[in-house]
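A quick write-up on the structure given underneath.
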Amino acid sequence: MDMQSRIRRLFQASIDTKQQAMDILAPHIEQASLVMVNALLNEGKMLACGNGGSAGDAQHFSSELLNRFERERPSLPAIALTTDSSTLTSIANDYSYNEIFSKQIRALGQPGDVLLAISTSGNSANVIQAIQAAHDREMIVVALTGRDGGGMASLLLPEDVEIRVPSTVTARIQEVHLLAIHCLCDLIDSQLFGSEE
């Protein structure tokens, strides 16, 4: 297969996964946006975590809220728990890598805050511990997962929201996660500041 054909195949696989996910995920993304907006209206904040590409997604989400998404508006409170290398390495060194997010949540999380927990497999041990810590702090969890939801899915409470991408391919799951994050940012802005359409 020549390279351009391979590129077209990858584009088509991404398109197919997004089309399959659209109707399945729309109600879950809507519900997640309502949870987040309710928290923001009640002086809550967003915390976000994940590993690798999912860490990048957590940072992307928090930066879109803190700075701006597609229009000028006031900054919104969001913290990516993936960015402080001194904190991450001290917790990993002194305790366990599995606690790098949960210890931060126990310090920063408040009742009514929202945790955006991201894992393509749903089985990242440190994200699972983050969900447990969020529940201990009476936070609501929005979980971005894939495959069968993994261990994260079994931890979620009725008030939590899972956005589970219907795919087993990590790259496709990540692509839909990013689109879901952009949908959340758009919905948050439109609910808080009105639609620009």
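Just so it is clear, glycine is given a Cβ too, placed from its N, Cα and C backbone atoms.
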Next on the checklist: Just to be sure I read the record right: ASN51, GLY52, GLY53, GLU64, ASN93, ASP94, SER119, THR120, SER121, SER124 are listed as binding substrate in Swiss-Prot. Which of GLN174, GLN191 is listed for the same site?
Outcome noted: GLN174
Next on the checklist: Can you tell me the CA-to-CA distance separating ASN93 (substrate binding site) and HIS60 (Zn(2+) binding site), as a whole number of Å?
Outcome noted: 26
Checklist entry - Helix, strand or coil at SER121 (substrate binding site), per DSSP? => result coil
Checklist entry - Which residues of the same chain, at least 6 positions away in sequence, have a Cβ lying under 8 Å from the Cβ of HIS182 (Zn(2+) binding site)? => result GLU64, PHE69
Checklist entry - What count of other C-beta atoms do you get within 10 angstroms of the C-beta of SER119 (substrate binding site), across all chains shown? => result 29
